[in-house]
Structures are given as structure tokens and as C-alpha cells.
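Enquirer: Questions regarding the structure given below will be posed in turn.
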DNA sequence: AACTTGAGCAACCGCCGAGCC
DNA sequence: CGGCTCGGCGGTTGCTCAAGT
């Protein structure tokens, strides 16, 4: 389900994100924010491009994200908004709290698109006939009323929940990240550094004369 | 049991527009 | 005004795994 990690010619890592990288990115963004995605990986100690970090944050690490288990209401909203806006996934995702454009897009392509292609029924209509067999795959030419699509979707959602149960950091026995507010106070003698001062800050760290930057890691701490 | 196929989804790629100099 | 940088977006790809043969 994830790409094999590899390195490009610039030494930047590509492919699946490791738990450690997730922790680093989450910690950094929650402390500093993400005013500059291009510079972020450098300061966060990640061998990733800014775009990759941004995508990972937006699609997976951002707080309040929902995964899997699309409700009938959400499915209907997606269908309705897609009719209205077309492939404007970010626009559609805005109307679905906790959902990302990437997730909506994937859900559309893997579930709703082919469902609607062969069946004009709404999700609620389909769910009201849960015992009908799932036939549309075998009978693409049958058109409307060719089968029950959504039981298949729900089954898939449950499968994804199982997947999440084993990969979700919090459910993995990892404590939730301390919020930015909780870091204020003793954690930083200088809690927030503006972009300009970061370079100096970093230089001092690398030269060994500065203080160590401790970012929270759930197995300890990151030391720059 | 071994192999094949297809679904599902995370992540990458390339383009575009906004903002800045 | 033109060039550059950056963030955002949509399309596509690569990989895993479950189901089917």
C-alpha cells in the first residue's frame, strides 16, 4: 500500500514515511507551524522535500482528520458536490470536515465513480437493499439497477479501520502529541523563532556552540 | 500451496496561480 | 513587466494485500 523508500539524486528520501519521520514532522509543525514548507524539512531534520512534508501533514498527520468509514451523508455530499463542481477535490473536501482532498479523490475513484457509472441509485437507496447481490462488476452493460454497490463499500471501510487500528500512533500505545500551548513555558527559553532567526539558530547548533534543540519524540527526544 | 488479478490508498509528479522582488 | 519562488491542486503511479483460480 505504500511505496518502497528510496533516495533521489539529491539525497532526499522518497516513498513511505517511517514512524520516526512522522513524529519529527508532527512535532516540528506543532511547535513552529509551517510558514515555509521548503525550509521545513531542513530544520525538522527530515531528508524529504517540502512538498512531501506538506502532503504528509495535510493528508495524514494533521489533527482532527477522519479516516475510513464514510457515512451515507458524506457519500451523498461527495456525489452532489462532484456533480456541482466536477473534479475540484479541494473544494469538495472543504465541505467534509476531517476529510482531505486526496482521500475524497481516492474514495471517488475507488468507490463512487464506478458505482454511479453503473447505478444511478443514491447511497441511501442502495443501503436500503443490503441483501441484494453485488453484481455490477460482472454486468457492466446492465446499466441502472444492476446491483447493490454500497455493501461493498462499507465492507471496505471496515477493512480500512482494521488497518488504521494497527497503524494509528495513538492506538499504538503512543501518547498523543503535546499541544503547542503545552510547550510554552519551561520547554523553550525562546519559545518561538521567526524564520529569519532560524538560520542563525541552526548555524549555532551545527557549529556546536549553541544549545541543543530538543524535539519531542515518543521514544525520547530528538537532538540536533 | 502457488500463482494471478484487481481493489484500495499513500505518495509522487507536473502544472498553475499568487506573491514578491 | 518579467522572472523567480512557493504553495496548492488534480492526475497518476507504485505498492500491498485479499480474493479468486
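Each position is counted from 1, following the chain as shown.
Cβ from N, Cα, C; glycine included.
TrEMBL does not curate its annotations; it predicts them automatically.
Got these off TrEMBL a minute ago, pasting:
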- A:126-138: compositional bias 'Basic and acidic residues' (COMPBIAS)
- A:9-61: domain 'HTH myb-type' (DOMAIN)
- A:9-61: domain 'Myb-like' (DOMAIN)
- A:62-116: domain 'HTH myb-type' (DOMAIN)
- A:62-112: domain 'Myb-like' (DOMAIN)
- A:119-138: region 'Disordered' (REGION)
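Help me see these features in their spatial surroundings.
Expert: The average per-residue pLDDT of the prediction over the domain 'HTH myb-type' (A:9-61) is 88, rounded to a whole number.
Shown for the domain 'HTH myb-type' (A:62-116): DSSP residue counts in helix, strand and coil, namely 36 helix, 0 strand, 19 coil.
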